[in-house]
Structure formats: structure tokens, C-alpha cells
Ligand SMILES: NC(=O)C1=CN([C@@H]2O[C@H](COP(=O)(O)OP(=O)(O)OC[C@H]3O[C@@H](n4cnc5c(N)ncnc54)[C@H](OP(=O)(O)O)[C@@H]3O)[C@@H](O)[C@H]2O)C=CC1
Ligand SMILES: O=C(CO)[C@H](O)[C@H](O)COP(=O)(O)O
């Protein structure tokens, strides 16, 4: 039997769709799944594509079915499962074979796996894949980390299966070892912020203005034709207009308001903190999911405090809807600017030289945060690849100037109505902090010096000084 050019392990949601995508693009692929019944089922359901697929029930059979040197994609549950799978695979591989972890790995694990294989003759690629089930099947955005040589060996097949924005493939080599998985993690962090902000706007429309799910869906449908055009707004409209087949209620109204999370948002926040970058939108989104999951506590608290009466409805409903649209854009700018700032800091820290314009480019199609907005980010970074913060580029500073007043009005309305908008409010505070040359940390420095003799810099000199705090202060 003719050998396959590539192998794939893990026929779950992502792996099975990626395998069909690879087969459809004319590549012969061998597949293996821990539970063999799934492999049989997958091949049986592959239809016309089955001719390009070799289903294997054992690892030995799987490895033998791929032409050396073998590129092998591992698309399984992230974490220990990947280490276990790699250990099972390793003894069967030969020099120059490449193991490609395509799951949502923590980039620290990717660096460790990359280093562990360095002297083995085998190669490791850590590859972020975004786009969910549909993306995997018809064209995901792919973020590759590893050696440049290993990238060149898989570039052709990855380019063939990736999403395309116009004719540009949404796949790129972003740097060594953990670069690809780091960028995927921040992609997901931004995804969390974007989703949280959309949910907060939904909350204002539902609980402040009293709109039905379908009416809110219409609003998002309108916005999707404008500056907020994006996959997440598009699916929000579809979700809000869907009906529960069991009760006939809007589907969204019968879903428990407790969000799951698998780790990438939390990792984004941890890395941002480690790198000293304020990623307030992502932090708010992760905290928002945590609070959402404390449903019983929230219900008990509502019994104690009740809910505040919503503020008086805005007199000009249409103007307020326009404010909400602008507010969402303003907050989105803050979250994306923060995400890119985290990547810039990581690039320096880990020596990756992450290409910001390329990252924005490969997020324009295929991935969950794909949008028109990312094309504008691509243009801004192409003009100024090393800019400190996206919000100071000419295009984005103008957008902020055009929208920040609306964000202020929306956050004020939400605060007066007792409606939680942690991500929108964090974006406003971020702008207000970032653009204010003289802040209030002088008082914090004085307090630190008072209780801990930490010293402070004076506005009229560079050396550290202590204040005249008198008795009771720790320096006396
Ligand atoms: N779903 C999504 O939208 C996206 C997911 N990802 C990432 O892709 C990866 C796969 O996700 P997804 O396809 O959704 O997951 P699924 O739950 O659909 O599938 C999980 C797969 O992992 C296999 N598996 C689990 N544990 C082990 C193990 N110990 N050893 C070997 N195989 C194991 C399962 O095999 P078995 O059938 O035997 O249980 C199955 O093939 C994850 O890292 C996920 O975070 C990335 C982008 C988007
Ligand atoms: O990577 C993805 C999308 O880009 C996956 O869907 C991931 O599972 C999303 O994260 P979480 O489950 O934490 O919401």
C-alpha cells in the first residue's frame, strides 16, 4: 500500500476535521486514535476522502504507514496526555521524524518538550491551531513554533490546509520552541476578552433595556455589517436567534450562566503579570468566568442585596445603541492592544522576534477572533512594527478619540444600573491611566516609603530619597 506523507494522532473534534482537511487537499494521511473504535468510525464516515486516509489500530501500524522522515500531528487533550503519547510514539520513530503538538499546550511545556528532544535526532514543533471544528475542517489559522528547518519541511502541507485571507495563507512560522503556542495562548486571551465584552453589552441590552434575545440578535446582525464585523459578533447573532427545540424558548435563555474554561485565558494573565504588562481586559474576562461559575454564591448574594433598579432608559434609544457599538469598539481596541503588548514583551524575554504584522495577518481568517478589525491592526503594525502600544498608532488613536466618550457613557449607565461590565470598565480605566501623564502613584510611593523605607524618585532629581515622615515611620 502507498505510504502516507503525514500522520495524525487524535480523532476528536479537532483532529478528525484536520485529518479530513489534509486528505481533501490531496495529501495521503495515516490516522490513529487511542480508542480504536473511533478510528474505524472515522474512516467509515470519511466518504470520498477515505481513499486518502489510512486508518491504523496500533502505533506500530501507524508509524509504518507513514513515509520517513515522518511529520506526525498530535491533536489530543493538552497536558500530560501529550507527554504520554509522545513517550509511546518515540521508540517507533527514526531520525528526522517530526512530532507536531497541535493542541492548546502551555508554551512552557512546549519549550520543555522541544529541549528534551534536542539531542534525540527527532524534531518537535509546537503549533497553535484556531478556528474550532469548522476552521479545522475548511481552513484554520495556524501559528507555528520550532526550528526554521522543521517549518520548511511542513510549510507546504500546512499552507494547503490553512485559511486564506484573500490569497494570503493564514499560517506562519513565528519563532523557535514555544513561540507558536505562546501566540495561540494570547489569541485565546484576546478571545476571552472579546467574548466577555460582547456578553457585557448583551447584559446591558437584556437587563438594562429589556430587549429579547432575538431583538439583541438583530442589533448584533446590524453591527456585523459595520466596524464590528467579526466572527464572534456573527455567531452571537446566530446564537441569540436560535430556539431551544425542547421548550421553544430562545436557546440562550435556557443555558446556565456559568462559563467553562480550559486554561489559555488564565495562562495569558499569568504570563502578562510575569512580563509586567497590564492586560486588564483579559484579566477581567478570566475573573468574569470565575465569578460566573460561582452561581450558587451569586444566587445567595442576590437574596441578601437584591438588584438595583436600572437607571432611567436613555431618552434617545438609537443614540444609545450607537454608543454601545462604539463602546464595544473602544474596549476591543484596549484588549487587542494589551494582547499585542504582552506578545512584544514575551518576544524580548524569550528571544523569539515575534513578527507582529504577520501575527495580525494570520488572524484575519480562520481563527475565532477573525475580523475586519484585524486587517486594520495588520496595516497599523505593517507601518510601525515596533510601536509600543497599538492605541498610539495614528489609525487607532483616531478610533479611540472617536469612541472613548461613548465607552464612558455606557460604563456610567451600567454602573448606575448595577449591571456588571468588568471588561468594558477595565478598558476605560486603561485608557484613562495610559493617557494621563501625571497619575497618582506618587502617593503609593510615599506610602511605601513611610511603612517600608522603600525610597522614591523626586520629580526634580533621579536619585532615591526618603520623606520627612517623622515619628512612627519605619525609617526613623
Ligand atoms: N475544540 C476546539 O475548538 C479547539 C481545541 N483545541 C485543542 O485541540 C486539542 C484537542 O481538542 P478537541 O479535539 O476539542 O478534543 P476532544 O475532546 O474532541 O478529543 C480529545 C482527543 O484526545 C484523545 N486523548 C485524550 N486523552 C488521551 C491520552 N491520554 N492519550 C492519547 N489520546 C488521548 C482522545 O482520544 P479518545 O478518543 O481515545 O478519548 C481524543 O482523540 C486540545 O488541546 C484542545 O485544547 C484547539 C483549538 C480549538
Ligand atoms: O482554542 C480554542 C478556540 O480558539 C478552543 O475552543 C478552546 O477550548 C477555547 O478556550 P476555553 O475552552 O477555555 O473557552
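Residue numbers in this text run from 1 along the chain shown.
Glycine is treated like the rest: Cβ placed from N, Cα and C.
Taken from TrEMBL, the feature active site, proton acceptor applies to 184. Non-local contacts of residue 184 (active site, proton acceptor) by the CB criterion (under 8 A, 6+ apart in sequence, same chain) comprise 104, 128, 129, 130, 143, 264. Following the DSSP three-state reduction, the secondary structure of residue 184 (active site, proton acceptor) is helix.
Its own atom aside, the Cβ of residue 191 (active site, proton donor) has 22 Cβ atoms within 10 angstroms in the protein chains shown. Residue 191 (active site, proton donor) falls within a helical segment according to DSSP. What TrEMBL lists as active site, proton donor is 191.
Long-range Cβ proximity for residue 10 (NADP(+) binding site), meaning a same-chain Cβ under 8 A and a gap of 6 or more residues, is found for 33, 34, 74, 75, 76, 85, 103. Per TrEMBL, NADP(+) binding site is recorded for 10, 11, 12, 13, 14, 15, 33, 34, 35, 76, 77, 78, 104.
Taken from TrEMBL, the feature substrate binding site covers 104, 130, 131, 132, 187, 188, 192, 262, 289, 448, 454.
Per TrEMBL, the feature domain '6-phosphogluconate dehydrogenase C-terminal' maps to 180-470.
Filtering 10, 12, 35, 104, 131 by Cβ distance to ligand 2 (under 6 A) retains the following binding-site residues: 104. In this structure, the binding-site residues that sit close to ligand 1, with a C-beta under 6 angstroms from any of its atoms, are 12, 33, chosen from 12, 33, 187.
Sequence-distant contacts of residue 77 (NADP(+) binding site), defined as residues of its own chain at least six apart whose C-beta falls under 8 angstroms from its C-beta, comprise 12, 103. The binding-site residues listed here are 33, 35, 104; among them, 33 has the most other Cβ atoms within 10 Å of its own Cβ. Confidence in the domain '6-phosphogluconate dehydrogenase C-terminal' (180-470), given as mean pLDDT, stands at 97.
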